[in-house]
Amino acid sequence: MFSKIFIERPRFAVVLAILITLAGMIAVYSLPVAEHPDITPPVIRVSAVYPGASSEVVRDTIAAPIEKQMNGVEDMLYMQSESTDDGRYSLEVTFSVDSDPDIDQVNVQNRLQLAESSLPQAVLDQGIDVRRRSSDMLGVVSFTSPDGSRDRLFMSNYISRTISDAVQRVDGVSDVFIFGEAEYSMRIWVDPDKLTALDMNGNEVIQAIREQSVQATLGSIGTAPTVPGQKLQYTLKAQGRLKSAEEFENIIIRSNDQGGQVRVKDVAEVELGNKTYSAAGNFNNQAAVNVALYRSSEANAMETMEAARAELERQAELLPEGMTYTIPYDTTKYIQATIDEIVTTLALVFILVVLVIFIFLQNFRATLIPAAAVPVSIIGTFAFLLAIGFNLNTITLFALILAIGLVVDDAIVVVENVHRIMEEEDLSPKQASIKAMEQVSAPIVATSLVLLAIFIPVAFMPGITGLLYKQFGLTLCVSIIISSFCALTLSPALCTVLLSKPKPHNRGPFGWFNSLLGKTRFGYTSVVGWMIRHLAVALGLFLLVLGGSWYFYGTLPTSFLPQEDKGGFLIDVQLPEGATLQRTETVTERATKLLQELEGVENVLAINGFSLMTGSAENVGFLIADLDPWQERQDPELHINALVDKTNKKLNAITTATIRSFVPPPIQGLGLTGGFDFRLQATQGQPPTELAEVARGLAGRANQDPKLTRVYTTFSANTPQINLELDRSQMGQLGVQVSRLFGTLNQQLGAQYVNDFNLYGRTYQVKMRSQAEYRQSRQDILDLHVVNDRGQNVPVENFVDLSTTIGAKTVNRYNQFSSAAIKGQAAPGYSSGQAMAAMQQLADRTLPDGYAFEWSSMSYQEQKASGTVIYLYALAIVFAYLFLVALYESWNLPLSIVLSVVVATLGSFVGLWVTSYSLSIYAQIGLVLLVGLAAKNAILIVEFARSSKTEGATTYKAAIEAAGVRFRPVLMTALTFILGVAPLVWATGAGAASRRHIGIVVFSGMVAATTLGILLIPSLYYFFQRIREKGKAWRDALRSNT
């Protein structure tokens, strides 16, 4: 017998346990910490710019050719793009979580090369950027000037050329994004009236700047080959590119023989200004530059943010006077708070488990034996996590919390059996340990192997769900393996050293407890006996349980991951189309003041001219409300959901804008908001105005569905636009070329790129545009002049008529079709799965022909994972059954074990139903775990009954005796697990929703398995054993007759 070696050499067992523990203690300090496993799908972003192009032109000339080639790239899940009215194009290609991000980027670049020949030359001249981009925002850093000595332009450029680059070099930071970046640009603000008065045009100004501010290589003298005697060489230098506004002002545009000159300053104002004037940021209503830090998909969030903080602290020492920074929004605070809560729960679970063991064993020295198995098994698991590249996250720590109730079970079985034999047979601790291990070694190995058989196959599922199961399952499996090893080595060894002959407790609290336990055991065996004698009642009860489980499975709502209080929420602001940035700033300033009045809100930062939902536009903005720490928000009224509701009601007072508040997604990097992400697609090239109308109609109907709430679309095609109707015949007579007209309009009303200049070691753009007073009205367009083929200035009003129209400022595409994003949430009392089903039914019923839809972000993953729970559950039961068949060499006896699992399943479903929780991924993990837990109870009883039967007992007697003998260890192990997971049920603080989801399932399931399940197990054993016996008798009779 394997255990006998360690019973006779207890120090050997202790040494092995110490070595396992030391390995885990060393590993735990090297393990990275994260909220979740690395389950964020890789995203590759392609960015391009077409100066002066409208959103529809960008869509047709950039988006269409690129996305045609990009479609179907290896491992692609979906792609989405955005084309804006300022000529910008952004494509994000999302790949499978199992793919290699480096290979994904290479594949995207290869596909992009195929599309480059179809792109405008102006786009290629600007360059196309391809990079890995995570939508997982680590946090936002706000730079301010408390004394007002530094404006946004100075701060933004200082950040861009010093801090941004330094932070982006931090390992794990994929991008540093400056919201509304104010990049330096030499702005040439021309006066069209002066140009016309001097019979000049914008092209002359551009040509003069390009000729007189140019980078040139001048060569050198004295370099080889040279004449004999040459001793020195010189490199020629001259100022090429101009640097200051004064130098640009003095550029000569035109001169004559009499010495007359027209300089840039005669027709324009020149300043070192901003490249764009369409965005601005605030922090608590103080002018600020807000910088977002993004994490690469494979990086560890905690380590990355810690390194970024260290770099920011180093850069803070170099900040110019009057400039400072703070980090008002840090997503890793939630991660750390969640991990702290779980570690606290871990400690509490250990205390509760040890307390239950002590109450049952009523001996401090005996309690130490199973208690010692916990740290060895749990700490030893850390070494495994490090070895295979796992990290400490909510999933692995959940597994360890639940493992405490499991790893102690085996040791309890050993100690309880040794304790019972010493009490009943008057044997020494060593003799009792040897005999006890002969009885329980097989059940210990069997129960452990059943759990391994359940989780190991499930751990190899693909996708995000598979990764979650893999981390949970393998962590649990390793702790179980170590636990079983300890139960076979350390526990019997410690029994020989620590146990002494038990003394019965007939008085006091222990006496009362023992008396109650004895009476309960007697009542239990009596009920079991009655149920076996009335087998039809037992089988009827089982069928009732089976039917109840199926009913609840069909009625329970499903979801992907529960929504958490992450310590902050987002507010999207949208003004009417065409609204200016000034109006947006006014709205966000007022919204900030209202938010600061809310209890629980600590900081508010605002971005004007940019939205996480709709991108860049002067009429949009967004705010981030950073909340007080979780321990200061224990009142339910200060929970994030309550604060979001209060915010929506409070901000309804602002009638000049549409303002929506929403919580972040459960997993950073899977979308921008919680709730569902529905993408409406125009599959037949319908215009944006029609797409917007259909989207608004669908969102309106969705808000009338009781299962849905806060359904909205940010897509709009109501941006005021002016359509130029060209009289091409008249233009031909006047000698005006269409290209010159468009060029003039871009010079005066757009932001014409001229060339580059150098400043602070960086290269910036020179841009030309009309002064503000010449870009205010429709008449300003008609007052412009265009140079014809004869060099004459021709008024635009001679061949252009203007009409007002509307269009889309931003055009979105999803999987090559024009699309509109529709977002929303499940109404209170409904799950995300029910909300998605309601939205899908509504779309199928009401969408007109030519329209389709797809799911994106978190909703895509939820749809992909939907329906897997029944297959996972079935897979777990099948593997458990097949293993037991191999163990018992019987096809029908294992049925008594696996069918008893149904009781635990019903209990978990009832628990979810009572608490109004959904069948989330965490709940599904708990269900799979319950298969092993419930089977473990059954194995302890069936294995003893099988042994008794082998020794000659009748089937009835074997079932009754097994129920009575195993009642105490089954009850003891079940109660330790139930009380061990109880802290998960009443969890509060960061990450509480996830802990409650898995806690309620395993708690209620084990309560059912311990109360009703252990009543049915002996009856099921008796039923299937009798079938086995009758089948054997029938086969024997058949053989004798032949």
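Yeah, the Cβs are placed from backbone N, Cα and C, and that goes for glycine too.
Note that TrEMBL annotation is computational and uncurated.
Per TrEMBL, transmembrane segment is recorded for 12-31 (among others). Residues 5-6, 372, 375-376, 378-383, 385-387, 390-392, 482, 486, 489-490, 492-494 of the same chain, all 6+ positions outside the transmembrane segment (12-31), place their C-beta atoms under 8 angstroms from a C-beta of that stretch.
According to TrEMBL, the transmembrane segment annotation covers 342-361 (among others).
The transmembrane segment feature in TrEMBL is assigned to 368-389 (among others). The list of residues near the transmembrane segment (368-389) in space but at least 6 beyond its ends in sequence, with Cβ under 8 angstroms from a Cβ of it, reads 17, 20-21, 23-28, 30-31, 346, 350, 353-354, 357, 396, 400, 403-404, 407-408, 410-412, 414-415, 474-475, 478-480, 482-483, 486-487, 490-491, 494-495, 498-499.
The domain 'SSD' annotation in TrEMBL covers 377-497.
Here the transmembrane segment (395-419) has long-range neighbours at 36-37, 339, 342-343, 345-346, 349-350, 353, 357, 360-361, 363, 366, 369-374, 377-378, 381, 385, 429, 432-433, 436-437, 439-440, 443-444, 447-448, 451, 468, 471-473, 475-476, 479-480, 482-484, 486-487, 490-492, 495, 499, 502, 922, 925, 929, 933, 936, 940, 968-969, 972-973, 976-978, 980-981, 984, 994-995, 998, 1002, meaning same-chain residues at least 6 beyond its ends whose C-beta is under 8 angstroms from one of its own. The transmembrane segment annotation in TrEMBL covers 395-419 (among others).
The annotation transmembrane segment is assigned in TrEMBL to 440-460 (among others).
The transmembrane segment annotation in TrEMBL covers 472-499 (among others).
According to TrEMBL, the feature transmembrane segment maps to 535-553 (among others).
When Cβ-Cβ distances below 8 Å are used as the criterion, the transmembrane segment (870-888) is approached by residues 446, 449-450, 453-455, 457-458, 461, 469, 553, 894-895, 897-898, 901, 905, 924, 927-928, 931-932, 935, 939, 946 of the same chain, each at least six residues removed from its ends. Residues annotated as transmembrane segment in TrEMBL: 870-888 (among others).
Sequence-distant contacts of the transmembrane segment (895-915) (same chain, six or more residues past either end, CB-CB distance under 8 Å): 542, 545-546, 548-549, 552-553, 555-556, 873, 877, 880-881, 884, 923, 926-927, 930-931, 933-935, 937-939, 942, 996, 1000-1009, 1012-1013, 1016-1017, 1020-1021, 1023-1025. Taken from TrEMBL, the feature transmembrane segment applies to 895-915 (among others).
According to TrEMBL, the feature transmembrane segment maps to 921-944 (among others).
Here the transmembrane segment (965-986) has Cβ contacts under 8 Å with residues 345, 348-349, 352-353, 355-357, 360, 401-402, 404-406, 408-409, 412-413, 416-417, 420, 517, 521, 524-525, 933, 936-937, 940-941, 944, 995-996, 998-1000, 1002-1003, 1006-1007, 1009-1010, 1014 of the same chain, all six or more residues outside its ends. Taken from TrEMBL, the feature transmembrane segment applies to 965-986 (among others).
According to TrEMBL, the transmembrane segment annotation covers 998-1024 (among others).
Between the transmembrane segment (998-1024) and the transmembrane segment (535-553) there are 3 or more Cβ pairs closer than 8 Å, counting only residues 6 or more apart in sequence, so the two stretches are in contact.
Within the chain carrying the transmembrane segment (535-553), a Cβ under 8 angstroms from the stretch's Cβ atoms is held by residues 870, 899, 902-903, 905-906, 909-910, 912-913, 1012, 1016, 1019-1020, 1022-1023, all 6 or more beyond its ends. Mapped onto DSSP helix, strand and coil, the domain 'SSD' (377-497) counts 107 helix, 1 strand, 13 coil.
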